[in-house]
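Undergrad: Following this message is one structure expressed as structure tokens.
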Amino acid sequence: MRRFLLLYATQQGQAKAIAEEICEQAVVHGFSADLHCISESDKYDLKTETAPLVVVVSTTGTGDPPDTARKFVKEIQNQTLPVDFFAHLRYGLLGLGDSEYTYFCNGGKIIDKRLQELGARHFYDTGHADDCVGLELVVEPWIAGLWPALRKHFRSSRGQEEISGALPVASPASSRTDLVKSELLHIESQVELLRFDDSGRKDSEVLKQNAVNSNQSNVVIEDFESSLTRSVPPLSQASLNIPGLPPEYLQVHLQESLGQEESQVSVTSADPVFQVPISKAVQLTTNDAIKTTLLVELDISNTDFSYQPGDAFSVICPNSDSEVQSLLQRLQLEDKREHCVLLKIKADTKKKGATLPQHIPAGCSLQFIFTWCLEIRAIPKKAFLRALVDYTSDSAEKRRLQELCSKQGAADYSRFVRDACACLLDLLLAFPSCQPPLSLLLEHLPKLQPRPYSCASSSLFHPGKLHFVFNIVEFLSTATTEVLRKGVCTGWLALLVASVLQPNIHASHEDSGKALAPKISISPRTTNSFHLPDDPSIPIIMVGPGTGIAPFIGFLQHREKLQEQHPDGNFGAMWLFFGCRHKDRDYLFRKELRHFLKHGILTHLKVSFSRDAPVGEEEAPAKYVQDNIQLHGQQVARILLQENGHIYVCGDAKNMAKDVHDALVQIISKEVGVEKLEAMKTLATLKEEKRYLQDIWS
């Protein structure tokens with residue numbers, strides 16, 4: 001078979017799953033994929049690689065490549081490498097990202113750009129898949145187009161000059177030189193989807209509705225409203241293209257427990273883990289606020305954990321105990337929850353390079369695995385739905401699961417699974433005849449990820465302490481009936497601190513006394529650039545509505561101590577644009593901000609209240625932070641463009657961060673007198689110079 005090298009760089013398992021799908025399909029198309037994690041540099045060598053390269057790369061943090069790609073990126077970023085270092089290399093790259101974030105698919109773009117700078121050329125156009133609208137909209141056609149591109153490459157490599165472009169929309173020359181063009185693939189690929197002929201694909205199963213659902217042919221449909229469990233024409237009568245069945249590879253044996261003690265320390269982590277006590281918890285909002293915001297103080301005095309303002313850290317959290325018990329009960333495993341789970345690879349598996357899941361510790365209990373290791377709230381991927389089909393006995397339920405994982409059912413999958421935040425438990429309750437084995441769940445459920453939080457303190461101000469702030473997340477899951485769920489981590493933390501929670505709406509500068517009993521496990525996050533400038537004379541602008549204010553409290557505490565230590569120092573202006581709903585309900589850190597303002601640490605404080613109506617004949621105040629930024633556009637432009645200032649934005653990526661970005665574009669356009677495109681280029685330059693920094697989340 002014709003061999004190609006297949007590398008993946010994954011953070012939460014998405015890129016790995018897609019690479020494994022490519023690997024499985026390769027055999028059907030007459031290719032052999034040499035599959036490796038990009039971190040396994042001892043198993044491949046790009047310097048001497050002669051086969052074509054396919055790379056699947058996700059994005060994490062603020063546009064960073066995954067942790068698994070850290071070493072690889074560092075090596076290829078070596079500026080001493082010659083420009084023809086990879087001139088022999090031909091590759092195709094699929095980037096994964098979320099367009100709700102500013103640095104969309106940036107992990108893939110970083111690698112893609114650097115490979116080309118070192119002489120590598122495309123044999124297939126780069127794809128950018130968007131998790132905001134559904135990765136499959138790009139992933140599926142990109143994979144479908146990979147096979148003709150590989151065939152074309154192998155034909156041309158026999159004596160002809162390599163051709164770098166594979167899709168009909170691109171010319172070979174432009175795909176080598178025009179990086180911007182590749183960013184349009186996530187739109188173009190939806191057009192390409194119409195060009196690929198799926199009728200002859202061996203890796204799909206075409207199912208006729210009459211054959212699969214013949215027992216329902218005489219049923220009169222009275223309610224034409226579709227749902228998770230029911231479809232309507234034309235989908236209910238369509239022939240379906242469904243994915244190939246993922247090969248099973250785990251063999252599970254349950255053994256009675258020997259009674260050994262388990263703890264969250266057993267949870268696997270690439271970074272060091274510290275168990276630290278909670279020394280204080282304070283409610284920052286009133287009881288009638290729309291969201292409940294808590295401040296938690298951790299005692300890190302007996303650890304080697306260190307941080308600086310602007311850093312983030314991860315909290316290792318468990319799944320909800322009630323959800324774990326409900327899932328075990330539905331799987332008819334509740335009487336075996338304390339049994340040890342022994343895993344090994346099936347001797348006859350067809351999965352290439354199958355390995356045991358690294359996030360499941362050896363010999364731990366079933367209860368521990370479902371509580372600490374598996375993301376049971378994860379939205380099931382189509383491959384998981386396809387696997388569940390074969391363990392569903394009811395023909396109507398089987399057909400519906402087939403529809404949801406099919407190409408024809410993409411809209412229903414988005415509406416009833418992805419957008420409804422459906423999880424495995426929702427599906428199992430909605431499809432009662434589905435009885436999957438434990439091994440299947442361990443194969444498909446991803447690792448329970450630690451949750452990141454911004455440090456909301458300075459170690460100069462609070463020695464031996466670490467503060468963080470969070471809203472208790474609540475959301476409606478609408479998969480079957482409406483269910484109000486709390487965030488996995490914030491719901492757990494709220495329960496954990498309930499007995500020690502101080503109901504004050506303002507956090508105190510004073511320590512509350514002895515460390516309290518509850519402990520949590522935390523780990524440091526990789527270093528980022530969301531830090532105060534090294535030169536304290538540089539003016540800064542901070543934009544942080546809601547809990548986005550967290551890192552800026554650390555900035556201000558740090559600056560206060562620096563000014564105490566250097567009373568004659570030259571310190572730049574500090575602007576803060578803060579926003580909340582109501583002045584009297586959720587004005588976080590009100591007392592602290594007044595303190596910083598009074599003592600000249602904070603030079604300008606601009607607060608927006610989005611839900612407070614004007615009183616009497618008052619003019620309507622700035623409703624959101626971006627409105628306040630616009631009101632002070634002249635000063636903002638002066639700081640950024642004339643005084644070499646920095647701007648930091650922290651908070652919601654979906655709306656706020658984009659609105660702030662748009663406001664900055666308008667300000668620069670107006671104050672400098674340039675077109676919006678030129679203003680956008682100016683902001684892009686600020687980002688490159690690390691003077692426009694973001695710490696945002698969805």
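Each position is counted from 1, following the chain as shown.
Glycine is no exception: its Cβ is also placed from the backbone N, Cα and C atoms.
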Undergrad: Of Ser32, Ser58, Ser99, Ser189, which does Swiss-Prot mark as phosphoserine?
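TA: Going through Ser32, Ser58, Ser99, Ser189 one by one, Swiss-Prot annotates Ser189 as phosphoserine.
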Undergrad: Per Swiss-Prot, which of Trp147, Trp575, Trp697 sits in the FAD site along with Arg451, Pro452, Tyr453, Ser454, Gly487, Val488, Cys489, Thr490?
TA: Trp697
Undergrad: Which of the listed positions, Ser171, Ser523, does Swiss-Prot note as phosphoserine?
TA: Ser171
Undergrad: Swiss-Prot records Lys291, Ser610, Arg611, Tyr624, Val625, Gln626 as NADP(+)-binding residues. Which of Asp321, Asp335, Asp568, Asp659 is assigned to the same site?
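TA: NADP(+) site check in Swiss-Prot: besides Lys291, Ser610, Arg611, Tyr624, Val625, Gln626, the record includes Asp659 out of Asp321, Asp335, Asp568, Asp659.
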Undergrad: Which of the binding-site residues Gly97, Tyr101, Cys105, Lys109, Lys113 has its Cα nearest to the Cα of Val625 (NADP(+) binding site)?
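TA: Minimum Cα distance from Val625 (NADP(+) binding site) across Gly97, Tyr101, Cys105, Lys109, Lys113 lands on Tyr101.
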Undergrad: What is the interatomic distance between the Cα atoms of Cys105 (FMN binding site) and Lys291 (NADP(+) binding site), given in whole Å?
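TA: Here the two Cα atoms are 31 Å apart.
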Undergrad: Which value does the mean pLDDT take for the region 'Hinge' (166-247) in this predicted structure?
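TA: Computed over the region 'Hinge' (166-247), the mean pLDDT is 53 on the 0 to 100 scale.
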Undergrad: Among the binding-site residues listed here (Lys291, Ser610, Arg611, Gln626, Asp659), which has the Cα closest to the Cα of Leu93 (FMN binding site)?
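TA: Of the binding-site residues Lys291, Ser610, Arg611, Gln626, Asp659, Asp659 has its Cα closest to that of Leu93 (FMN binding site).
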Undergrad: Give me the largest Cα to Cα distance among Lys291, Ser610, Arg611, Tyr624, Val625, Gln626, Asp659, the residues the record lists as binding NADP(+), in Å as a whole number.
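TA: If we measure all Cα pairs in Lys291, Ser610, Arg611, Tyr624, Val625, Gln626, Asp659, the largest is 22 Å.
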Undergrad: I'd like to confirm something. Which of the binding-site residues, Gly97, Tyr101, Lys109, Lys113, Glu117, has a Cα closest to the Cα of Arg611 (NADP(+) binding site)?
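TA: With Cα distances computed to Arg611 (NADP(+) binding site), the winner among Gly97, Tyr101, Lys109, Lys113, Glu117 is Tyr101.
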Undergrad: Going by Cα-Cα distance, pick out whichever of the binding-site residues Lys291, Ser610, Tyr624, Asp659 is nearest to Glu117 (FMN binding site).
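TA: Closest by Cα: Asp659.
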